[in-house]
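Undergrad: Sending over a structure as structure tokens; questions will come in a sec.
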Amino acid sequence: MTIDAHKLTVVTGAENDPAARLRKRVFSVLAHALLIGASILMLYPLLWLLAASFKPENEIFMSGIWPSISWDIESYFRGWNAMRVSFSVFFMNSFVIAFLCVVGNLIACSMAAYAFARLQFKGRNFWFAMMLMTLMLPGQVTLIPQYVLFRDLGWVNTILPLVAPKFLAVDAFFVFLMVQFFRGIPRELDEAAMMDGAGPWRIYWKIMLPLSIPVLVTAAIFTFIWTWDDFFAPLIYLNRMQDYTVMLGLRTFVDSTGESDFGGLFAMSVLSIVPIFVFFLLFQRLLIEGIATTGMKR
Amino acid sequence: MAVNAADAAVHTAASGTTKWSRAWQSHAPGYLFLLPWFIGFFGLTIGPIISSFYLSFTDFDLLTSPEWVGTANYVRMFTADRAFAQSMQVTFTFVLFSVPLKLAFALAIAILLNRGMKGLPLYRAVFYLPSLLGASVAIAILWRQIFAGDGLVNQFLANFGIDGPSWISNPRYSLWTLIILSVWQFGSPMIIFLAGLRQIPQDMYEAASLDGASKWRQFWKITLPLLTPVVFFNAIIQTIEAFKSFTPAFIISNGTGSPINSTLFYTLYLYNEAFSYFRMGYASALAWFLLLLIGCFTAFSFLTSKYWVHYDD
């Protein structure tokens, strides 16, 4: 009550005082100017890359910092086939790996999250704490023994070392994200289903998953983007050019022709981030909400 | 498959009456749902951690079996390895500058955006995009170009008659180009700050302004204290990320940490020891030391957090 009254006076006070209104206007204009300036600074490198990829090779560095727009797609054709193996192969490899990682993460992480969020079993809190600890773990500590393990399994130079771990819920971040989401689903729903004789598998499959589409989509997109971007694991496990991902292909491009064919390099760089950009455009809100919830207390 | 077994377990156990079957009925589904995670946790996390601890006391080249050398690897790290010392210095410089700068930008922009700015979704998207793309090889390639001798920055400076150096290949500046790249990706902590700011009750500010507190005072007395849990979270996540950073340094320096080891990140050094020189034992010791560093940092942060992180419960 009292607070409402205060609000009223504050609001009306500001409305009636022309000096305060002016101050607010000035502040707002300044803030927008600042934000627009910052936005331009943030986007400028990306826009420059895009513009440079559409320029004839000899004009890239002559055009100054505000390159004029031209639509010469020559660099794209040249870059695509610049190496022994074309980028079609790299893109195909990257898509297959990313797709399988998405499937693995969705299945394994949601199962683990369901157990942590809903099922009662001995040691649940202990294992949950363990899972959270792995979030902090630097991957380098497990790197060498994992490499030895995968080598002994004969998995080096296959996509299995990149994909198989995802089916074992090693991405604790997504388990955590899903646990938080599952906890928000009303328990009455599973209790009612349990009354009707549904077991945990039915509840997981028929109730939890259908109600969790937003978090599943978020996890799928982040998995796709991070796998797509991943450079370290492919660098270690994939040594034959026909197995390379797009990121490895780009790196080889830099090493082999990079200094002589900037146009092709920039064109392929642009293409390599197009899938991420498309996901960003389509699912921006989900991604931002996904990031936002990780920082909140449960 | 495992999950069908979980259902079956529940149903068969329902008819049984022994203590064991009742225990099975109540605990088994949980463990069965966790089965993939357990296999991963023990097979790909705990097992390898222990195994790499063992390897850190050996000489191991991947081809012949590991040979026990006691603490020789650790002794070498701290007494005879200049590159190790250099990589520590590079990594700590990177962490100490990139994390606070990134968080400062993230917080400043978040506060600006939180005042009910028009066009918030658009600004938020623009600022977030770089942190989504930033880890990519393409961006590292772009960065090489921006800070090259004939790159964008120098073309810009040339307008003012300044003849800039090649930032990438000058050891005095090369690390700074990577710090700038990291700060450029302030979007994801910014999103988390925004979510945190939104949870601060508005009436606190109204009460404060009635008491005549200036905006500046309100920031220090209300916003920042109430936001400390989020600051804490962001600081930990970003610090660990910074310690683990690899791709940009690898691409920008052609995998070598050049010029004269000025971008020799710890992770880059470890990678080269392991996969260029096949000193797996030594690399394991490096990895364990990194684990120790991150562990100490995290423990220290949590222990000191009660003195500066404000929890309302």
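In case you wondered, yes, glycine gets a Cβ from its N, Cα and C as well.
Since we're looking at a predicted model, the values are computed, not measured.
Below, the features straight out of TrEMBL:
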type	residues	note
DOMAIN	B:88-301	domain 'ABC transmembrane type-1'
TRANSMEM	B:31-55	transmembrane segment
TRANSMEM	B:92-113	transmembrane segment
TRANSMEM	B:125-143	transmembrane segment
TRANSMEM	B:173-197	transmembrane segment
TRANSMEM	B:218-237	transmembrane segment
TRANSMEM	B:249-271	transmembrane segment
TRANSMEM	B:283-303	transmembrane segment
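I'd like to know what surrounds each of these features in this structure.
TA: Only residues 6 or more beyond the boundaries of the transmembrane segment (B:125-143), in the same chain, are considered here, and those with a CB under 8 A from a CB of the stretch are 109, 177, 181-182, 184-188, 190-191, 247-248, 250-252.
Away from its own ends, the transmembrane segment (B:218-237) comes close to residues 99, 103, 106-107, 111, 189, 192-193, 195-197, 200, 204-205, 208-209, 298, 301, 305, 308-312 of its chain (Cβ-Cβ under 8 Å, at least six residues beyond either end).
The list of residues near the transmembrane segment (B:249-271) in space but at least 6 beyond its ends in sequence, with Cβ under 8 angstroms from a Cβ of it, reads 83-84, 86-88, 90-91, 94, 137, 140-141, 143-144, 168-172, 174-175, 177-178, 243, 283, 286-287, 290.
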